[in-house]
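Peer 1: TrEMBL feature annotations, pasted as is:
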- 375-398: transmembrane segment (TRANSMEM)
- 377-516: domain 'G-protein coupled receptors family 3 profile' (DOMAIN)
- 418-439: transmembrane segment (TRANSMEM)
- 451-472: transmembrane segment (TRANSMEM)
- 493-514: transmembrane segment (TRANSMEM)
Amino acid sequence: LFLFFQCDNAKGLKAFYDAIKYGPNHLMVFGGVCATVTSIIAESLKGWNLVQLSFAATTPELADKKKYPYFFRTVPSDNAVNPAILKLLKYYQWKRVGTLTQDVQRFSEVRNDLTGVLYGEDIEISDTESFSNDPCTSVKKLKGNDVRIILGQFDEEMAVKVFCCAYDEEMYGSKYQWIIPGWYENLWWESWINSSQCLSKNLLAAMEGYIGVDFEPLSSKMIKTISGRTPQQYEKEYNAKRGDGQSSKFHGYAYDGIWVIAKTLQRAMKYLNATNKHQKIEDFNYTNHKLGKIFLDAMNETNFFGVTGQVVFRNGERMGTIKFTQFQERKEVKVGEYNAVADTLEIINNSIRFQGLEPPKDKTIIQEELRKISLPLYSILSALTILGMIMASAFLFFNIKNRNQKLIKMSSPYMNNLIILGGMLSYASIFLFGLDGSFVSEKTFETLCTVRTWILTVGYTTAFGAMFAKTWRVHAIFKNVKMKKKIIKDQKLLVIVGGMLLIDLCILICWQVVDPLRRTVEKYNMEVCPQAQAI
């Protein structure tokens, strides 16, 4: 077994080719940490008939099976978080998102894969922004496009700048949700806060509630693995043996990788014993394509429960467990996990905390609301109108009943009756003006507009015309300077009122024929809903 952990291109390639040329025949290559060296060696493995298993190379580029057919890895690739993100978006019914990506190949590849994952899933990527050094312009564009759910791909240094910009633009709190990589170091912001112009308290305020996504270093299930230990027992033993040495989050994947190789060789030996009694794995060489194919097929059949979860390969890619953490009060708290094998998402009960009373909305919800007349106000005015009509009816009754009395007769009771009837018609129009779109249909509303205009016009003209006629008669009598007896009968006054009504009717008829009233909808400026402010 050739162990390979070199990151220097020249030294790594020299060590590999020296092992091929001078060393004994190696059955497999175990390792590959840095993407540059790993990709070069993985691409050449087909020529050497070697299978490579990596426990730490997460670059998405290595998932290309046409280019790297003999490459496997026990650690999920960076792209493995995208199906988990999709599941989280569906869980909270977020259908509109935006992406913010640092201009680095690693992050761009993850973003491009995410676009493909979301395609056809009824989730809209409304804005895609990228930046090199200053993310503030991109953050402003996201806010301008009303992006509320932001999927970020950037390192720790840029994350500090992003959240500083988010604070300045007020893109944090109950209306926003940031989803970013979860592989940052513990207290990562403290290393980069001095390089920004952001106060620590402002940065922490903007960071509060963000969700981090990363692969799970060790399984949380308390069941025995292929080694006979539970993941918790393995971790305890690992910590005891490493002592004060630095821990790596890939140690569980390296441990499971050894088991993958052991089980692969075991299956290969069983296959050789069952099919070819004369050939052994010790007969392998770099030109023995038959044995190389047996090792490749045996690796593809891997399926067991290890300390990092169920170890299964799909096209050489590990189907692992993705964890979700949330930044709560200056610390990362695990809030859920995604099982790629079963394609299931589990949110830990009451662990995830949003800034508002509910998860943020994925966009500003514009809800059209009909502005209508206040029902209590309409009720009060209608009650006063009814009182006015009752009073007018009482006056009308009194006027008709006492029309032959001298004082009433001298006041022109017929003209008084017209004034009262005109007033009652004007009162009646109040009921009609209070009926808006919340009470009647669109078609009825147009008819209602015409009717109430006619009633108010006729009522006003009748009442005003009668008063005008009476006033004119007084004026005509007292203008007679010679004090000759002059009689102006009520019939003449009725003609004056009738003339006024005729003019009104002509105008109303022409209006109705040429340009009848139509119902139109007037849109007002948007207002913030009081309930939304509370959330």
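Placement of Cβ uses the backbone N, Cα and C atoms for every residue, glycine included.
Caution: TrEMBL annotation is automatic and unverified by curators.
Worth saying up front: this structure is predicted, and the values here are computed from it rather than measured.
Walk me through where these features lie, including what they touch and how far apart they are.
Peer 2: Tertiary neighbourhood of the transmembrane segment (418-439): same-chain residues 370, 372-373, 378, 381-382, 385, 388-389, 392-393, 395-396, 399, 445, 448, 451-452, 455-456, 458-467, 494, 497, 519, selected by CB-CB distance under 8 Å and a gap of 6+ residues from either end.
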Peer 1: Would you mind splitting the domain 'G-protein coupled receptors family 3 profile' (377-516) into helix, strand and coil residue counts from DSSP?
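Peer 2: Going through the domain 'G-protein coupled receptors family 3 profile' (377-516) residue by residue, I get 113 helix, 0 strand, 27 coil.
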Peer 1: I'd like to know the mean pLDDT over the domain 'G-protein coupled receptors family 3 profile' (377-516).
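Peer 2: Reported value for the domain 'G-protein coupled receptors family 3 profile' (377-516) is a mean pLDDT of 86.
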